[in-house]
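Engineer: Have a look at this one before I ask anything.
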Amino acid sequence: MPLQTLTISSAHKLLLSKQLSVPELVKQHLDRIEAVDPKIHAFLRVQKDNALMRAQQSQKRYDAGSPRSSLDGIPMGHKDLFCVQGVETTAGSNILKGYVPPYSATTALKLEEAGAIMLGKLNQDAFGHGSSTENSDFGPTKNPYNLSRVPGGSSGGSGAAVAASEVLFATGTDTGSSIRLPAAFTNTVGLKPTYGRVSRYGVIAMASSLDCPGPITKTVEDCALVMETMAGHDEHDATSSTKPVPQYSARLATGVKNLKIGVLKEFFSEGLHPQILERTKQALAKLELLGAKLEEVSLPSCDYALAVYYILMTSEVSSNLARYDGIKYGYSVERQSEIKIPTLQAVYEESRRLGFGAEAKLRIMLGTFALSSGYYDAYYKKALQARELIRQDFIRAFERCDLIAGPVSPTPPFKIGEKTENPLSMYLSDIYMTPINLAGVPAMSVPCGFVDQLPVGLQLIAPHFAEERLLQAAYAYEQATRFYEQVPNV
Amino acid sequence: MNLTLEEIRKIAKLARISLNEGEERKMAQQLSAVIDYFKKLQTVDTSGVDVHLSEGEEGNRLREDEARESGNQEVILSQAPLREDNFIKVKSVL
């Protein structure tokens with residue numbers, strides 16, 4: 001079977017029936033990385049030897065008739081925010097170049113225990129700051145569907161690696177768009193879970209009250225398989241939920257008959273690209289044809305959600321990134337014998353000046369401003385209150401409908417370099433996604449067609465902890481449209 | 001809002017980042033544009049809204065504050081640029 005049509009579930013079946021071995025599967029993906037990644041730059045580093053060794057161990061489990069799970073032997077990649085013990089983890093930033101974590105993220109451990117095999121670490125906007133992967137300190141990732149376009153961000157390496165069949169799935173994180181946008185831009189499936197559904201432990205923090213780790217996969221079924229492995233309570237993350245995790249993959253084919261889908265008025269506003277509007281309308285019509293009932297809903301608070309998001313996110317960023325100070329790990333001017341640094345204060349200031357990229361500095365400065373004396377009440381506190389209004393708005397909307405649907409991004413994948421000089425124009429890419437993070441509810445991007453051969457995603461949003469319903473609707477839509485079969489020509 | 005270079009220097013000092021003059025100018029322009037966008041929020045009526053500080057539905061979870069062996073002291077210390085025995089070394093604080 002050609003690599004590009006393989007999914008987690010089909011590969012697992014081939015492994016079980018001995019038509020494929022794990023070392024073959026892993027080798028094929030490593031070869032694919034070698035062939036296409038110089039063009040795409042999805043990977044920051046590849047762990048070839050380690051992956052091949054683990055492939056042999058996994059094959060032994062299949063030979064003994066006892067693979068650990070459907071993910072056993074499946075090649076994956078981690079966004080470089082995920083700490084993996086003993087493997088350099090940089091968050092896409094120079095300030096963490098050379099940093100080797102002493103422990104692994106809980107999610108990385110869970111996936112490893114399920115038998116999945118990490119092929120390497122994936123590129124991203126540094127610390128998750130961006131919507132295009134252009135803010136990586138190690139160079140941008142290209143969109144496999146068009147190498148002059150961005151793959152979205154911040155988990156752009158994850159989306160691109162899955163789309164280009166370099167791995168069968170990847171992890172990502174979504175603070176304001178960072179799983180859904182790359183999924184939409186690369187014709188892949190991305191799930192941003194409910195806040196607290198997946199442990200954040202060992203995932204380098206961006207904005208702790210918003211960060212949600214989750215999967216990027218080729219299909220909805222694969223998404224369910226990875227999600228049920230990643231989710232669950234973790235004693236190392238006090239905000240992780242103790243609610244039991246459903247076996248999402250077991251009950252996918254329920255259909256959408258009589259499901260009430262709210263069509264969010266505020267997401268069909270003036271900034272929406274006409275052809276994205278058209279694709280979204282077609283997708284909604286398809287859902288209706290499948291038996292769903294559409295109803296217009298309005299969430300007036302979405303209008304100011306992006307402002308709320310950028311105040312709260314940058315405030316938390318300024319606090320979380322205070323730890324990179326040139327003292328404990330990562331880049332430090334103390335390592336540069338040619339730089340003479342007189343004081344402790346100067347060690348901080350110079351290490352941060354030289355270690356952080358432009359976007360991280362801008363966000364630290366914005367957050368420091370919003371939290372500073374004289375501005376705290378007008379910005380930070382006001383934004384916290386407005387966030388509560390947004391959360392209540394969503395809870396009220398879900399009293400009237402089971403799901404909400406709309407576009408993921410207002411535009412198709414944009415050109416590399418198009419938005420880098422104007423941060424605000426880049427921030428506006430996230431306009432339909434940030435309200436979801438503020439409300440803490442789960443949402444997905446599922447492929448819904450193409451505009452000029454560039455992928456478009458449909459966004460589905462569910463109430464808190466209703467991931468199962470989200471996956472069921474996405475599955476019904478995907479099976480009726482099968483856009484995932486249109487793989488890129490790399 | 002147009003932030004002055006003076007204000008940018010004050011924020012940079014609080015953020016412990018040194019900026020050269022070119023960076024200060026660019027930062028003033030970019031920060032001002034984003035803060036102008038934040039103004040959108042000032043028209044929102046938030047009177048009487050209680051701030052929801054804990055995202056978790058299950059409230060605060062507490063655990064005993066017990067010392068435990070991490071077993072990776074050396075790995076952690078070895079990442080520091082300067083050390084002496086089992087300490088990370090820094091320039092004098094005072």
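Counting starts with 1 at the first residue shown.
Each Cβ is built from the backbone N, Cα and C atoms, and glycine gets one as well.
Per TrEMBL, domain 'Amidase' is recorded for A:24-471. Annotation comment: TrEMBL describes A:K79, A:S154 as active site, charge relay system. What TrEMBL lists as active site, acyl-ester intermediate is A:S178.
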Engineer: Given the model, what does the mean pLDDT over the domain 'Amidase' (A:24-471) come out as?
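Structural biologist: The average pLDDT of the model in the domain 'Amidase' (A:24-471) works out to 96.
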Engineer: How big is the gap, in Å, between the Cα of A:K79 (active site, charge relay system) and that of the residue listed as 'active site, acyl-ester intermediate', rounded to a whole number?
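Structural biologist: The separation of the Cα atoms works out to 11 Å.
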Engineer: For A:S154 (active site, charge relay system), what is the secondary structure by DSSP, using just helix, strand and coil?
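Structural biologist: Where A:S154 (active site, charge relay system) sits, the three-state DSSP reduction gives coil.
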Engineer: Using DSSP, would you call A:K79 (active site, charge relay system) helix, strand or coil?
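Structural biologist: Reduced to three states, the DSSP call for A:K79 (active site, charge relay system) is strand.
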Engineer: Neighbour count, 10 Å Cβ-Cβ cut-off, for A:S154 (active site, charge relay system): what number do you get?
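Structural biologist: Result for A:S154 (active site, charge relay system): 34 neighbouring Cβ atoms inside 10 Å.
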Engineer: Taking every protein chain in this structure into account, which of the active-site residues A:K79, A:S178 has the most other Cβ atoms within 10 Å of its Cβ?
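Structural biologist: Checking each of A:K79, A:S178, the winner is A:S178.
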Engineer: I need the CA-to-CA distance for A:S154 (active site, charge relay system) versus A:S178 (active site, acyl-ester intermediate), whole Å please.
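Structural biologist: Between the alpha carbons of A:S154 (active site, charge relay system) and A:S178 (active site, acyl-ester intermediate) there are 5 Å.
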